[in-house]
Amino acid sequence: MCIQPDSLEDAYKIPRPVHREEFTQLSPSFFQTATFQLEKTNEKNNIEEPKKNKAFLNSKIIYKDLFEIRKLSNNFVNTSHPTCTETMNEQNEFSDEENFKFFGLGGCNEVGRSCHIIEYKNKVIMLDSGMHPALSGHASFPYFDEYDISKVDILLISHFHVDHSASLPYVMQQSNFRGKVFMTHATKAIYRWLMQDFVRVTSIGNSRSEDGGGGEGSNLYTDDDIMKSFDRIETIDYHSTMEIDGIRFTAYHAGHVLGACMYFIEIGGLKVLFTGDYSREENRHLHAAEVPPLKPDILISESTFGTGTLEPRIELERKLTTHIHATIAKGGRVLLPVFALGNAQELLLILDEYWSQNEDLQNVNVFYASNLAKKCMAVYETYTGIMNDKIRLSSASSEKSNPFDFKYIKSIKDLSKFQDMGPSVVVATPGMLQAGVSRQLLEKWAPDGKNLVILTGYSVEGTMAKELLKEPTMIQSATNPDMTIPRRIGIEEISFAAHVDFQQNSEFIEKVSPSKVILVHGDSVPMGRLKSALLSKYASRKGTDQEVKVYNPKNCEELIIGFKGLKIAKVLGSLAEEQLQVLKKIIQDEVSAENSKITELTEEKEEADEIKEDNGETDTTQKPNESSINVLKTGQVVSGVLVSKDFNLNLLQLQDLHEFTQLSTSIVKSKMHLKINADISLMVWHLEQMFGYINVINDDDEEWECVIMDVVDVFIDRSKGPGLFITVEWINDNLMADSLADSVIAILYSIDSSPASVKLSSQNHNHGDNHIVKKEDSMEIDRPVEAHAKTDIKSRIERIALLLKAQFGDSLKELPEEKAIIQIGKTVANVDYKRLEVECSSKVLKDRVENVIKRGCQLTAPLSQNPKIA
């Protein structure tokens, strides 16, 4: 690439770059220099790692950061996923802030009390905050004492189920947590009622003991804690992205229950997808889980069913209704223990539809025994807009205003008033049968063999639901542990749990295509089987860039994965406009050259086609590949102010800083006072020897002043005693200014002891533009010697021409009007010395000639020169 000046005079005013080796002394740099090699091709961006990089927080500003840009488009450059290596509790090559850390406080190798910590770039996120339904008191909490919760910046709740959200009031009101909490609108709407019901049913909301003790008898949190936590919770819409202190997260549909969502999280270039509990199968009222448009680096996925396979939903509904119909036919009762929200609404939709299709069942009562569900049914009626198309269409129809306005379902307000006479179906909470209405009905109906209990959800280890699957002959009373009840009631498991099975989970992992998978929310055995199955599936990728690694950490076990994120900078403001103009010119030249090449190829192809037609041959050649037209390397150097905040890097000109960052700026000016024993003419000679030209802007009896390279000011106070009292001033706005000032100061300090000074001061000299010297062995004047070679335009053109001659030899032919041609074979390059332009159909030759001319401009120019050169 060749710099395009506006005029011939301007062309030769371009000073050559300053190299550090040319300065006699360099000061320590207080600024960070970063060099980014950025390259954009038509397919993707390949970016090399910076030679030096550092994460800057709180909008620290680094001046004079240099970016070597090979291609820049649309004002910014993107990159692909960061490269990574991983260890498990081992030291690795990455700094601590470059390590992604996963720490499970609960829900690892178990189902229940889901709570996970992820940490990267000093940002901490907690994913879910549940309680274990099979445990009580503090034992049901995640292991909060194993991690400093005050470090958590954001807490994301995936859905309202107890094992994912029940410890949230405790975290928000009774711990040192100070972060922000987010969940979807529907989840928050249900959260309040669910938590209050949970406190009541599990009896953990009793009044505190007088001494404030924390034993099993004291409450873990109160209704007041729930209400206060409720007010602090913030909401997020599906498909909306929020950014908090450099953490970006987006919510996507997860299926499972109303309001359930996945979170796609981005921190400093690292992408993490947390599925929560999710279902890839659309049911009667919810969407299936979505596949996010971006691919994550790390997937944190549930593994509830491990390698198990679930039956098709149609078959599950057929089995459910068949068992219910058969039990009613023989005069029995059917108990369906469910979670109050989610699975319950799905079953009620199935039963209401089945009853409407079977007249012989319409005299049999179907009851829903849950005060909580009745309260929350209004939420379901409100949020039909986020349900699937079937529900939304049903809601909008005139025949039935709301699909949750059931015709054949009745609610039980008080179990003591329930008239248990004849066959019936009761959908009751809780789903694990630990307490409440479902447990009372189980104990009441258990001795009768005509009755049936159908377990429709996932059964957690240690609960009565899990115990029933073992078909015990006796069950323990919930109110009196010493009393046992004979169990003759039939037991069926027909899982409507809205979780993924192995096939669905495996297909989802394949679609999102992560390089790392962390399995959570699953018992040890099924989770271990799932890990083995996934590793076996991706065994062929081992050792390649597409390798997939799978982890199943235990609770309180830290997983460390090293990610070296790449620094990406956006060029903004006037700096971007300048670069875009340069790039447009380069792209135009590139396209023009490529079009010429395509034209030549087309002409050759047409000639070849004519020959083939004459010979009766068919054309089997392929068309030129146009994908390479846009490949571009510029080598353009861009300088500006680098602003870093929340992992975003912006490169700006100083004057644009306030507009784009709202940062205020200050100018720092440095002064250095020194004294030397020499006259001004000798000082000027030494400075010109180094810099070629100094601009004297004031020369009177009181003061002398000059400017060097428009950066460093040198003042001399002539009113002070013998010697020169010098003040050197410069603005600390970049590394070059500091280095240039150091060089000037070093030259001034060396004048007194320089051998050249001694020699020059011992002879008669005229320290003007030329210097008069004598031979060492004679007092006669020999000839004037210039500080530098001639810098006029004609002389520099001659030296550039000599450089081209040395490069291309006899292939170079000089033409009148300061032009030349270079002919190599059939390829000709036209050179215009005045405009510093090269015209050539061959990109290779054109680039070579332009590089020689560019180097010649640099070599023939001093560091600084008189703007009035002839």
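Even glycines carry a Cβ here, placed using N, Cα and C.
Quick look at what Swiss-Prot lists:
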type     : residues                       : note
BINDING  : HIS159, HIS161, HIS256, ASP277 : Zn(2+) 1 binding site
ACT_SITE : HIS499                         : active site, proton donor
REGION   : 598-627                        : region 'Disordered'
COMPBIAS : 618-627                        : compositional bias 'Polar residues'
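Where Swiss-Prot records a feature, it is marked here on the structure.
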residue : record                    : contacts (Cβ under 8 Å, 6+ apart)
HIS159  : Zn(2+) 1 binding site     : SER165, THR187, ALA254, HIS256, VAL257, GLY259, ALA260, CYS261, GLY276, ASP277
HIS161  : Zn(2+) 1 binding site     : GLY130, VAL257, ASP277, PHE339, GLY342
HIS499  : active site, proton donor : HIS256, ASP277, TYR278, SER279, GLU302, THR304, PHE305, TYR458
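Same-chain neighbours of the Zn(2+) 1 site beyond HIS159, HIS161, HIS256, ASP277, judged by a C-beta within 8 angstroms of the site's C-beta center, are, in sequence order, SER158, PHE160, HIS164, ALA254, VAL257, ALA260, GLY276, TYR278, GLY342, ALA498. Within 10 Å of the C-beta of HIS256 (Zn(2+) 1 binding site) we count 28 further C-beta atoms, all protein chains included. If you draw a 10 Å sphere around the CB of ASP277 (Zn(2+) 1 binding site), it holds 28 other CB atoms from the protein chains shown.
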